[in-house]
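Enquirer: Structure provided below as structure tokens; questions to follow.
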Amino acid sequence: MPAVVLIGAQWGDEGKGKVTDLLGGRAQWVVRYQGGNNAGHTVVLPTGENFTLHLIPSGVLTPGVTNVIGNGVVVDPGVLLSELQGLEDRGVDTSQLLISADAHLLMPYHVAIDKVTERYMGNKKIGTTGRGIGPCYQDKIARMGIRVADVLEPGELTHKIEAALEFKNQVLVKIYNRKALDLAQVVETLLEQAQQFRHRITDTRLLLNDALEAGETVLLEGAQGTLLDVDHGTYPYVTSSNPTAGGAALGSGIGPTRIHTVLGILKAYTTRVGSGPFPTELFDENGEYLAKTGSEIGVTTGRRRRCGWFDAVIARYATRVNGITDYFLTKLDVLSSLETVPVCVGYQIAGVRTHDMPITQSDLARAEPIYEELPGWWEDISGAREFEDLPAKARDYVLRLEELAGAQVACIGVGPGRDQTIVRCDVLRSRR
């Protein structure tokens, strides 16, 4: 079976971890293809156990699945080992986790530069997580990065880190007045860490393509969301990689024709963390309600997420940019007990109406949402397991979102648990 891509269709935090966990039992492989530990996935098992993952694919919680950290990911060795230890301490088998030899390593100087740069920028800062993700991707593009495979050759590794530190220490000391990092200490720490994960390093491209040739199912799991994509997002308030569907092939080493389904994960309302324009953002009691009822606290940052009504403009944009075939709508249960539920169907910018994403961030920042008021429902829907179990007004809301987004809503989340899901059609169905 060809590959299936899971895409965040908004600004991240849509519930991708739950979806990967739900579908993982039907896949042989789960691959993380971009980002680093700047994003978090929360998975609630049927037992009620709650797991938070930042770097390791969500499929690690499903027995029998091989999990891959792909070449498009930037790997913080300390975070990797800490996350592995945390899983193993709770009885999770991590033996089937593999790491691409071509993934880049996130180094101490990346974190140091990221943090000091954000402080230096003041009120002009992007709002990064401060975990060094951007600087690591900068080094990758500048061809001065350290790759996972480099730890297999300590001599060559030392030369590469030495060359990098000659420049990084100049930046830290002469520009930011910070202390220089010690070469020997950086190398020694990394080699000690590498002893604990070097057995996982392999040519994951070869393995994934062989698996697809054998008819196995591969889930490609993105981090963040479409509007945080460095090319297609609300630049410059974006991440440093490509969470969109195009990045899935690039960050895993499979060809784009291998992709069978693009499943967009869409929250029933909209949230965002950090700086940047957000047309439907709420600053009233409705925003407070969504944040409290939806437990909208960032898994990685601990920051409260900004909350707003559903924005069909960005949903249509995500459908177009990713070629989304199906949607998984999450957190519909959060909207219960609202008298009306507004949906943004377009923007008004300088007196002109549009139903498409503006091409400049200044236009998006001053966009006034055009709302369509939909009737709310009061019933508790957390126990619904069939579409017909939902109140009529909740069904109407889903169908209207489906129409506006431009792709069918195949599944609906009505709670955080794996079993709190309504399946309208099989997203892994054959399309031939």
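Note that Cβ sites are derived from N, Cα and C of the backbone, with glycine treated the same way.
Fair warning: this is a prediction, and the values are worked out from it, not measured in the lab.
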Enquirer: Suppose a student reads Swiss-Prot and sees D13, E14, G15, K16, N38, A39, G40, H41, T129, R143, T239, R303 listed for IMP. Which of Q170, Q224 should they find annotated at that same site?
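Expert: The candidate from Q170, Q224 that Swiss-Prot ties to IMP along with D13, E14, G15, K16, N38, A39, G40, H41, T129, R143, T239, R303 is Q224.
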Enquirer: Among the recorded positions listed here (D13, K18, L332, V414), which has the Cα closest to the Cα of G40 (Mg(2+) binding site)?
Expert: D13
Enquirer: Quick one, of the binding-site residues N38, T42, T129, Q224, which Cβ has the fewest other Cβ within 10 Å?
Expert: T42
Enquirer: For T129 (IMP binding site), just give me the three-state DSSP call.
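Expert: Going by the DSSP assignment, T129 (IMP binding site) belongs to neither helix nor strand, so it counts as coil.
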Enquirer: Over all shown protein chains, what is the count of other CB atoms within 10 A of the CB belonging to R303 (IMP binding site)?
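Expert: I get 13 for this one.
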Enquirer: Other than its own, how many Cβ atoms are within 10 Å of the Cβ belonging to G302 (substrate binding site)?
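Expert: So the number of other Cβ atoms within 10 Å of G302 (substrate binding site) is 8.
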Enquirer: Compile a sequence-ordered list of residues in the same chain as G15 (GTP binding site), six or more apart from it, whose Cβ lies below 8 A from its Cβ; state 'none' when nothing qualifies.
Expert: I265, K267, F328, T330, K331, G413
Enquirer: If we count other C-beta atoms within 10 Å, could you say which of the recorded positions H41, R305 has the fewest?
Expert: R305
